[in-house]
Amino acid sequence: MTPQKSDACSDPVYTVGDYLLDRLAELGVSEIFGVPGDYNLQFLDHIVAHPTIRWVGSANELNAGYAADGYGRLRGMSAVVTTFGVGELSVTNAIAGSYAEHVPVVHIVGGPTKDAQGTRRALHHSLGDGDFEHFLRISREITCAQANLMPATAGREIDRVLSEVREQKRPGYILLSSDVARFPTEPPAAPLPRYPGGTSPRALSLFTKAAIELIADHQLTVLADLLVHRLQAVKELEALLAADVVPHATLMWGKSLLDESSPNFLGIYAGAASAERVRAAIEGAPVLVTAGVVFTDMVSGFFSQRIDPARTIDIGQYQSSVADQVFAPLEMSAALQALATILTGRGISSPPVVPPPAEPPPAMPARDEPLTQQMVWDRVCSALTPGNVVLADQGTSFYGMADHRLPQGVTFIGQPLWGSIGYTLPAAVGAAVAHPDRRTVLLIGDGAAQLTVQELGTFSREGLSPVIVVVNNDGYTVERAIHGETAPYNDIVSWNWTELPSALGVTNHLAFRAQTYGQLDDALTVAAARRDRMVLVEVVLPRLEIPRLLGQLVGSMAPQ
């Protein structure tokens, strides 16, 4: 490989830091998020000088981690840089969320020099006990691979960590001491090696035989989820759905994984909280294929799914099962391809999916009618266009949108497993940086936005023009629905949302406050026309109203 060293860097020597950057560039990373600190400053010089990687500074480390997560979901790899101790601990929540939700993020920590560590002195940003691996040990719980780089083995260790991150689709951790970052080394001699295929021909053959026997002449029904996307098996899943008439649904975690405008798309399955048509089709399917499905509490109606294992083919990351038979090692893509081959080879066509009963279109609300949850999400969904990237924060925004069918080509991002409120605002920065040609739409509650709102200014600095809908329902409405309807701990300070962008350095924006349907309609109409500006719309909703789906989930919730 040709080294990517730039003359813009004052150091003409090719270094370990350059090696790391070139490997990240090879994996598709063209922006790195983070916050400077004295232990990483010289490494940041190399980022700035790199010919294909750009530095994107964040307002704080937590936001940088969230931004890297949003970027990684769309690009398939991302990186965040922090300083030792104080910086890396600040980003820990974001990294844990990336681990839970299978997002490949490389966390690079600038550390003290090896000589300074060797003295075991009480250096700043440490715990003062001379042990400089406390935080490395913490990282082992929330990353799939870790390395404390040493000069002699740095290249090999970088390759190991990056390979694991690429393979497992989870974060990795690299402790890069400032002197190691400057240490001379050779550039990569070959592309980062890929793991050999993880499918046993015998396992695949036995799986195929068992699947043929179970499927017979039945119509397949498919329930798919997030891991299909993370494991880059979407094309194989789409080929399976095209092999016959295959009714299919997703969980909320995998929303937008499949084309929701397809006549064969049933909707969102959420256990007992599902629409009855969806629940009956999934739970009553003669043969159900579950692809990349993880039944978490918040997407399964608190584990109310009723799936018969005897009629289920379950496709996982490294193994699959047919009824009670398990086959491994068997990669997801290979198992999906085998099922598609079975359907195309059996020479029969399944009947078309019966469409739901036609319903009269809802009456258009009066322009002076106060906003409701249903009005807001209906109108937001009608404003979406192919290519939009929609991020819905964990709350009324996420569950309000989950029930709505999205146009083809819209990507939906939420965080229903980790559920860290405020995540989506910085993640929207990362998503917009990853694909600036696709307009980002952020849907977030007032309480969640107060946690991470500093990143509004980053949108402006980076020349991004998202549409941001802030749901002002005067506090933590989801928590009020669960417990403490009038409790003071669910109250928040009221902010002037329409003035906030200017205070945070946004220079090219429009801001609206909508209390009625007409005001919301006007604001979103302007937002659609002004793609050159950030448009913030504050929508004022009753403090106790929640979307239908969220109400059903809360009603079935038991103390966990």
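Including glycine, each Cβ sits where the backbone N, Cα and C put it.
Swiss-Prot annotates Asn473, Gly475 as Mg(2+)-binding residues; of Asp437, Asp446, the candidate listed for that same site is Asp446.
The Cβ of Asn473 (Mg(2+) binding site) has Thr396, Gly445, Asp446, Val540, Leu541, Pro542, Arg543, Glu545 as same-chain neighbours under 8 Å, each 6 or more residues away in sequence. In the structure as shown, the Cβ atom of Asp446 (Mg(2+) binding site) sits within 10 Å of 25 other Cβ atoms. Sorting the region 'Thiamine pyrophosphate binding' (396-478) by DSSP state (H, G, I as helix; E, B as strand; all else coil) yields 36 helix, 15 strand, 32 coil.
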